[in-house]
Amino acid sequence: MHLSSSLLFTSALLAGGINASPATNAYRRQGADMRTIIGDTTPVLSNTTAVHFPGSGDFFSVTERWDVYRPPSYQAAITPTTEADIVSLVKMAKQHNIPFLATGGRHGYGTSLGKCQEGLAIDLSHFKDVKIDKQRETVTIGPGVVFADVFPVVSDAGYQVQTGTCSCVGMIGATIGAGIGRLDGVHGLVIDALESVRMITANGDIVEASKTKNPELFWGIRGAGANFGIITQATYKMHKSMGDIISFDLIYEPEQNVTLFNTVANMYLPPGLTVETIMSYNQTTEKPTIIVSSTYAGGSEAEARRWMQPLLRLNPWYKDIKAIPWKRMSKETALGLDKEVCANSQVFDIYGVNLRRHDANTWVKTFNKLAKFWNEQPAAQSSSVVLETWPNQAVVAVPDSETAYPWRDATTYVMIQMRWDAPGNPVETVADAMGRELRNDFAKTSGYNGLTVYVNYAHGDETPEQMYGRNKLHRLAKLKKQYDPSSVFGFHNPLPTSYP
């Protein structure tokens, strides 16, 4: 969940790039003028495809990002309206060595995306179809679809499907990094619902991947999918609706931090219960605060209250408990801050950490460091730390070998969000240093052998092993070499083409 100025919220987007060494250097295109190249390509594009250059009316609207911390930059943006047009654009970019990002929700924030400079934006916002197949109990979507588009269509058909937490994130982009969310314990990761994809490769070929078609590619897509191509269609298995979600929004005094963190760290979570703990600064009370946003799926409010007793008996000073339809879960949980969180052009300097061990002392130390930081750096008081403690019963029920995603045993995903008002604020240096320090603290007591990170929460400075897992990298590198040997799709937490 990414937090806004007072609080909140999650994920990665479908992205690609062209770079011989994307992990180390920003790539700027050199050679023929991009306007000329695009002009030469335009005759093969459909007449509904739109081309935008900086200064034109729609250029900003099709390139504006959620996070403006170390962003990519573009010489042009193109909004294709057919799959064939996307193929033509990929071939054009590869032929002329043009770096590009193919964007859906434009919600990705890893700093590796910022290595794409003066490139091409392939805006996939036209591809917004959400189609239900009740007979097969599936939903098929395009790359322009965000979670907010999926909720009402799936819910009104009588189903639910795994999603992320924030409504404005691109569903396919979040999926291909694994996709974590509030139904993890019941149904598993979002990739566990994925049945098939249709993808354009670096050569401009269209391939399909599933457990029966190109199964090795399908394995890699489920956890590292941004590295292999542009997904133009994805189909997911739906689940019969479990009814309303029970939501708990609780706020605690800062003095309760030791008791609260020990309670959360030692609390049993049944499959339907999630606990999100948010350390933030309250601008109204002018003091640190701790927010807990919990949800319970698959049971009654009375049942949910029984499971939540360890937290309720701590007597939070604010308490809002209610049943909400699943389709409004993103918008009405976590104090209803989804709209504020989803505002574009904000600064989010994000660091992520996986935990499989809950060390309450580390959480207490983090809160105390933040309290001191907020007091000394008022320009960064919108910074926060979010701990998403999701039950993982259904996640670990899927064999580790089934997908490329390596961290199924994680029990909490930490998102450290360092924030300030606008790019260029001098507080950036000290805020970024604090983010790194907190990440290191969590990693030391995480229960893993060093830092590991859910790739959708990666900052961009992590090693491939820390994102993709040492035991998965040899197989992933072989796939990368097979489908994208020149790293055309190399700006979103890129894979190597050989390992070790």
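For all residues, glycine too, the Cβ spot is worked out from N, Cα and C.
Features reported for this protein in Swiss-Prot:
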- 69-241: domain 'FAD-binding PCMH-type' (DOMAIN)
- N47: N-linked glycosylation site (CARBOHYD)
- N257: N-linked glycosylation site (CARBOHYD)
- N282: N-linked glycosylation site (CARBOHYD)
- 1-20: signal peptide (SIGNAL)
Local confidence of the prediction over the domain 'FAD-binding PCMH-type' (69-241), expressed as mean pLDDT: 98
N47 (N-linked glycosylation site), DSSP three-state class -> coil
Greatest C-beta neighbour count within 10 angstroms, which of the glycosylation sites N47, N257, N282: N257
Rounded to an integer, what is the Cα-Cα distance in Å between N47 (N-linked glycosylation site) and N282 (N-linked glycosylation site)? 51
In whole Å, how far does the CA atom of N282 (N-linked glycosylation site) lie from that of N257 (N-linked glycosylation site)? 15
For N257 (N-linked glycosylation site), what is the secondary structure by DSSP, using just helix, strand and coil? helix
